[in-house]
Amino acid sequence: MVAFGKKLKERQIQEWQGYYINYKLMKKRVKQYASQIEAGALDRRHVLKDFSRMLDIQIEKIVLFLLEQQGLFARRIEQLNEQQEALQEEPDISKISELREAYREVGRDLLKLLFFVEMNGIGLRKILKKFDKRFGYKFTDYYVKTRANHPYSQLQQVFKHVGLGAVVGAISRNLADLQDRQGSYLSIYDEPALPLQDPVVDSLKAAVDRVTYSTNFLDFLGQHALIMHEELPSPVEEHVDDQRYHFMSLLLNLVNTFLYMVNTYIIVPTADDYSMSLGAAATVCGIVIGAMAVAQIFSSVYFSAWSNKSYFRPLVFSSIVLFIGNAMYAMAYDLNSISVLLLGRVFCGLGSARAVNRRYISDCVPLKIRMQASAGFVSASALGMACGPALAGLLQTNFKIFNITFNQDTLPGWVMTVAWLIYLVWLWISFREPAHETEVNHAPTQSSAAENDKLEKGLVQPLLTSKEHEQGDEQGDDGDQECDASEEAPEESRLAANSLGSAYRLLTPSVKVQLLIYFMLKYAMEILLSESSVITTYYFGWTTSTVSIFLACLGLTVLPINIVVGSYISNMYEDRQILLASEIVVLLGILFSFHFIVPYSVPQYVCSGLVMFVAAEVLEGVNLSLLSRVMSSRLSRGTYNGGLLSTEAGTLARVIADATITLAGYLGESRLLNITLIPSLVICIASIVATCCTYNSLY
C-alpha cells in the first residue's frame, strides 16, 4: 500500500515544494510525542499546545502562498482583460483565438493551484486523524472548531476559497464572452444554466466541486450506485469521454437496469401461489425468488469481465437469456413442472447485466454528467422495484390462447418476455459501441507526463471535515505504517485487482464492516419482501392485489427517502452517526416484527415492515456512500472492482435469505415469521457491534 507521504512527495508540483504541508515531519513529531509521554518526559497539555502551534504554522504557510498565487492570477487576468477590451474596438479573429487560448492556459495553471489546496487539505485531515488515533483525543473537533470560527481564521481561506472561486468565475465569463454568441447580449450571469462548452471550464468546475465537497442529492444517489470514479481527469481525457459518450446508449443501459429490477420483483406477490399450483409448498417461493440471485452471483463476474472488451454484446446476450428465462417461467404452468420454473429463474439471473450498466457509466459517461447518470441508475432501480409488484397486481385475469394459460401466475413471465424482446430490437437498432481504450491511447508524451500525472491524480476527499473516515484514510494509515522505514513502494500497488482474492485483501477492517452492514440490510430486506405474500396470506388473508400494493408502496419510498437523506440529513450529521442510528432503527424494526403472545395485527406488520425498510434504505445509501470513498483506488477499475464486491455481498445475502425462507417453511407457516427474523436480528446486532468497535478504534 502506498503511504500518503509517498503520494504527496510524488505528486507535488516541484516549484511549489516548500509550501506543501510537511506531512513527514509532523508524522515523526506525533511518534516523538508518543514515546516522550510513555517515558514521562512530556505531559499531554504540552503536547496539545505544541502540536496546535505546529499546525498553525503549517496552515499559515499554505494560506500565505495561496494568497500570493491568487494575486498573480488576478494580475494575469487583468492583463488579458485589457487585451480583450482593445479587441472590442478592432476585432481580429486570430488574436481572439490567441486570447481565448491564453485564458485557457490561466485555467490550466489554476487547476494546479486547486490540486495544491486539495492535497494540503487531505494532508491536514490525515495528520489530525493520526493524532486522534494515536492519543485517543478528539483533538480534530477542538482544532477545527476553534480555528474555523475565529474572526482571523486562516482555515476559512482553505474552506471557503472565495478568491479561487472569483478567479474561476473570471475565466468562465471571459471565455464565454469570447465565444460566438450569435448576436446575444446576455452573459453567463444572465443565463447561469447555459452550459459553457469548454473543457478547461468543465475541469475547473469539477476541481472546485471536489475541493468544496458539498453533499447534495445527486452526489448521494450517485454514491448510492457505488459506481467507482477515477481521479480528476485532464481536459484531454474529458474530450475522449465526450467522443465515447452516446446518450441513447446510456438510456438503453438505464432501461436495462429498470427492466431487470421489474423482472426481479414482479413475481414476488404470486410466487407462493405459483409454487402451490405446481404441487409444491408455499414457502418454496423462497427458492423460486432466490434462484435468480444464485445465478447472479456468477453472472456478475463474467459480465464484469466481458465489459472490458464490449458493452453491446453483453447487453444483447443478457436480453436473449432473459427472454428465454421468462418464457420458461411462464410455460412451467402448462408443463406442470417446478423444475422448468426454477430453471427459468436461473436463466433470468444469468442475464443480470448490472455490472455492465455500472461499468458503462463509469467508463463512457463524461465526468460533468457522470453523477447525474449514476443518480439515474439508482432511480431506475428504485422505480423498477416499485413497478414490479404494482404491475403484478394489475395482471389479475385468467384465459387461454392455443392451450397456453394466461393468469396471475404466468402473465408476469409473458409480460417480461415481450418487454425483453422489444428491448432487444431497440438495443440492436440504437446502441453504439464505444471505442475501447488501449494503452497506446493513454501514453502521454515524456515532456507532459509528469505534469498530467499531478493534475490527474487528485484524491476525491473533502477538506478538513469532521467526517474523518472518508476515502482511503484506513488504506493511507496502513500504508504510512508500512513505509515508515522506507518510502519506496512497489509499482504493483497501483494495479487493479486481478481476482476476488486479491480484491478482498485490499479491503481494510472498516470496509469489511461496511460490507457486513450491506449484507445485513440486504438480508433483512429480502426476508421482508420475499416472505410477504406467505405471511400476509397466513395472518391476514390478503389477496395478491393487496400484497402488490403493499410492496409497491415500500418501493415508492426509496427516492423520497434518498432525497431527504442526501439533501438534508447528510448535511446535518456525520455519515458514521447516520450509519449507526440507521442500524439501530433497523434493529427496532426487526424486533417489532416478531409475533409474540398478542395476536398479530396488520398495523404491527405494516408499521414494523415500513420502519425496517425505510431505515434499511437510509442505511444502504449512507453505507454505499462511505464505501465509494474509503475503498482502495485499485478497486475503481478492472473486472474485480468495488461495485462487483458490493454486488456479490448483496446477492449472497439475498440467496441465503431466500434459502432461509424455504428451509423454515418445513417447520410450518405458523413459525415462519419468527424463525426467519432470528438470523436478521443476530446479523443486525453483530453489525452494530462491529460498527461501534471499528469506529471507536479509528476515532
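Cβ atoms are placed via backbone N, Cα and C, with glycine included.
Noted in TrEMBL for the protein shown:
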{"type": "DOMAIN", "residues": "2-145", "note": "domain 'SPX'"}
{"type": "TRANSMEM", "residues": "250-268", "note": "transmembrane segment"}
{"type": "TRANSMEM", "residues": "280-303", "note": "transmembrane segment"}
{"type": "TRANSMEM", "residues": "315-332", "note": "transmembrane segment"}
{"type": "TRANSMEM", "residues": "338-356", "note": "transmembrane segment"}
{"type": "TRANSMEM", "residues": "377-399", "note": "transmembrane segment"}
{"type": "TRANSMEM", "residues": "411-429", "note": "transmembrane segment"}
{"type": "REGION", "residues": "468-490", "note": "region 'Disordered'"}
{"type": "COMPBIAS", "residues": "473-490", "note": "compositional bias 'Acidic residues'"}
{"type": "TRANSMEM", "residues": "515-541", "note": "transmembrane segment"}
{"type": "TRANSMEM", "residues": "547-566", "note": "transmembrane segment"}
{"type": "TRANSMEM", "residues": "578-597", "note": "transmembrane segment"}
{"type": "TRANSMEM", "residues": "603-627", "note": "transmembrane segment"}
{"type": "TRANSMEM", "residues": "672-698", "note": "transmembrane segment"}
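If you look at the transmembrane segment (578-597), the same-chain residues 6 or more away from its ends with a CB under 8 A from one of its CBs are 517, 520-521, 524, 528, 565, 569-570, 604-605, 607-609, 611-613, 615-616, 618-619, 622-623, 626, 673-674, 677, 680-681, 684-685, 687-688, 691-692, 695. Stretch with the most C-beta contacts under 8 angstroms to the transmembrane segment (338-356), considering only 250-268, 377-399, 411-429, 547-566, 672-698: 250-268. Between the transmembrane segment (603-627) and the stretches 280-303, 315-332, 377-399, 515-541, 547-566, Cβ pairs under 8 Å are most numerous for 515-541. Mean model confidence for the domain 'SPX' (2-145) is a pLDDT of 80.
Counting same-chain residues at least six beyond the ends of the transmembrane segment (315-332), those with a Cβ under 8 angstroms from any Cβ of the stretch are 252-253, 256, 259-260, 263, 267, 278, 303, 338, 340-341, 343-353, 356, 404, 410-414, 416-417, 420-421, 423-424, 427-428, 431.
Among the recorded stretches 280-303, 411-429, 515-541, 672-698, the one sharing the largest number of Cβ pairs closer than 8 Å with the transmembrane segment (250-268) is 411-429. Packing against the transmembrane segment (280-303) from elsewhere in the chain are residues 264, 267-268, 271-274, 314, 318, 338, 341-342, 345-356, 500, 530-531, 533-534, 537, 639, 644, 647-648, 651-652, 654-655, 657-662, 664-666, 669, 672: each is 6 or more residues past its ends and has a CB under 8 Å from a CB in it. DSSP states for the domain 'SPX' (2-145), grouped as helix (H, G, I), strand (E, B) and coil, give 127 helix, 0 strand, 17 coil.
Within the same chain, residues 129, 133, 283, 468-469, 473-474, 509-510, 513, 516-517, 519-520, 523-524, 527, 531, 534-535, 538-539, 576, 579-580, 583-584, 586-587, 590-591, 593-595, 600, 657, 660-661, 664-665 sit at least 6 positions outside the transmembrane segment (672-698) and bring their C-beta atoms closer than 8 Å to a C-beta of that stretch.
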